[in-house]
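Swiss-Prot has this to say about the protein:
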type	residues	note
ACT_SITE	105	active site, proton acceptor
ACT_SITE	349	active site, S-methylcysteine intermediate
BINDING	125, 129, 132	[4Fe-4S] cluster binding site
BINDING	175, 176, 207, 230, 231, 232, 306	S-adenosyl-L-methionine binding site
DISULFID	118-349	disulfide bond
């Protein structure tokens, strides 16, 4: 019997690219190289994203020769569902295993306006935010575009059972999306494409901790995707304590990049502000935050801290959260308090984490 480690080693040695990593034009180019007509790309995308088949044999309007070429060139089974947990509020957390034995978490959230999915872009994270579980083990590797796409496909398959659909997505799972920029953009274009899952750009949100060069690059992209910044502090000193990335990308420089983005795109930006008891949740912090954001086309999303066993932060009292919100509103800041979802299954903001690959036990 093969052990887990031997299976993982075999997977690494024989791994093929994921078919979900290909954009439509890339599929057309590949078909041309194979001597196949490019219109087949649309048929293949239809099987992948509309019918959501799990193997090439089900692609019945393709020749056996083409199905064999696809099978020999691309993996179609990208993720394996290990665990599926359902919260008391209907939130579902999926634990997916990757080809190399690592596992990632993806979350489906229920809203009155539809179903939203929170996707992961990396195995672990290098950013080191002091309140987040995702960074505890450091960064293991980037996900391929197809591994990000496959998260949405797998969740949509689960929703197919009740004839529901993923209507929006947020790139706020494990990892720093802008550290995996090219795969992130490939994923977004595939998901947005009319031949793909066709989720509208304005129904997608990307969040970053503040990789400044990529903010400027993102401002030049042709997708009208919503953009969020994990801010969490109104000044550089406090932000450096909470988020070490601020030592590399200073808050004043970050604000300049944000203003450029807003001016270049005309789009409103969202600032995510986690509230940590006794750290960044006082009235003076709210006043300082309002001053920092003055004149910026933005929205502030207040996030009560979620429990992480390895972290020491405590939740801000409810009355203090409301006072913080009121202080911002009184100063003209557009602000809301995020609705908590999935807290009881560790699926809320800051609680997702990558799992190590299993060690050989026999």
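Including glycine, each Cβ sits where the backbone N, Cα and C put it.
All features noted in Swiss-Prot, drawn onto the structure.
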{"residue": "105", "record": "active site, proton acceptor", "Cβ within 10 Å": "26"}
{"residue": "118", "record": "disulfide bond", "Cβ within 10 Å": "27"}
{"residue": "125", "record": "[4Fe-4S] cluster binding site", "Cβ within 10 Å": "27"}
{"residue": "129", "record": "[4Fe-4S] cluster binding site", "Cβ within 10 Å": "20"}
{"residue": "175", "record": "S-adenosyl-L-methionine binding site", "Cβ within 10 Å": "30"}
{"residue": "176", "record": "S-adenosyl-L-methionine binding site", "Cβ within 10 Å": "26"}
{"residue": "207", "record": "S-adenosyl-L-methionine binding site", "Cβ within 10 Å": "21"}
{"residue": "230", "record": "S-adenosyl-L-methionine binding site", "Cβ within 10 Å": "25"}
{"residue": "231", "record": "S-adenosyl-L-methionine binding site", "Cβ within 10 Å": "28"}
{"residue": "232", "record": "S-adenosyl-L-methionine binding site", "Cβ within 10 Å": "25"}
How many other Cβ atoms sit within 10 Å of the Cβ of residue 132 ([4Fe-4S] cluster binding site)?
24
At the level of the C-alpha atoms, what whole-angstrom distance separates residue 176 (S-adenosyl-L-methionine binding site) and residue 125 ([4Fe-4S] cluster binding site)?
6
Cα separation, residue 132 ([4Fe-4S] cluster binding site) to residue 207 (S-adenosyl-L-methionine binding site) (Å, whole number):
14
Near residue 175 (S-adenosyl-L-methionine binding site), meaning Cα within 10 Å, which of 105, 118, 129 (recorded positions)?
none
Measuring Cα to Cα, tell me the gap between residue 105 (active site, proton acceptor) and residue 118 (disulfide bond) in whole angstrom.
9
Rounded to a whole number, how many Å is the Cα of residue 118 (disulfide bond) away from the Cα of residue 132 ([4Fe-4S] cluster binding site)?
16
Pairwise Cα distance for residue 129 ([4Fe-4S] cluster binding site)/residue 230 (S-adenosyl-L-methionine binding site) [Å, integer]:
10
